[in-house]
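Record features (TrEMBL):
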type: DOMAIN; residues: 2-54; note: domain 'Reverse transcriptase RNase H-like'
């Protein structure tokens, strides 16, 4: 899951990261060794291929989970399996099982709205909203 999160972030931030040297700090040690793997399984191979584009610019650093205090909240927040959940899996009956995930939609909406209220950011956000 951490590898998929890294790939997602790299895709979303591609325009900011392209050509920049940057560091990824993770508590999941396997992500650090991902680029050095000789024969990864098919899931890790997909992640490895996606990260190859940044090979000269990316540094992956391991930081232990007990030191990296904000890591557990991201991987342990569970949401109900409801249609509002982005990872919703429809079933024939009312779901009773929690699935792993985080609800970041509201966070991004609040962040976007706060930028629109800031007079210095309003020009930039209006240009970005045109697409």
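Glycine is no exception: its Cβ is also placed from the backbone N, Cα and C atoms.
All TrEMBL annotations are machine predictions without curation.
For the domain 'Reverse transcriptase RNase H-like' (2-54), the model's pLDDT averages out at 80.
Assigned with DSSP, the residues of the domain 'Reverse transcriptase RNase H-like' (2-54) fall into helix, strand and coil as follows: 33 helix, 5 strand, 15 coil.
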